[in-house]
Amino acid sequence: MYVVGSFVSWRTLALIATIPGLLQLLPLFFIPESPRWLAKVGRDEEIEDVLLCLRGNKADIFNEAAEIKDFVESLKSSSKEGMLEIFQKKLLLE
């Protein structure tokens, strides 16, 4: 970039530097949602469809779907402590 910078303006270099980022944005529209996120927001009927898409049509995903649902349920039933809980005085002093 330093060599190229002596021949082109900084604006051109900035535009060239945006190209990789823009190319990475395109696949985002084709990537399915995470099965764990779907379970977390209550869209359980879509979990198996997404797992089939990710694992292949012939994969046995029913055990994995059940594990994901159980995991999310255990997270919901556990305590509702947030990120601020980490910074409590008792945890920092131990």
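Just so it is clear, glycine is given a Cβ too, placed from its N, Cα and C backbone atoms.
Annotation comment: TrEMBL describes 1-94 as domain 'Major facilitator superfamily (MFS) profile'. What TrEMBL records for 12-31 is transmembrane segment.
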Counts by DSSP class (helix H/G/I, strand E/B, coil) across the domain 'Major facilitator superfamily (MFS) profile' (1-94): 68 helix, 0 strand, 26 coil
Rounded mean pLDDT for the residues that make up the domain 'Major facilitator superfamily (MFS) profile' (1-94): 82
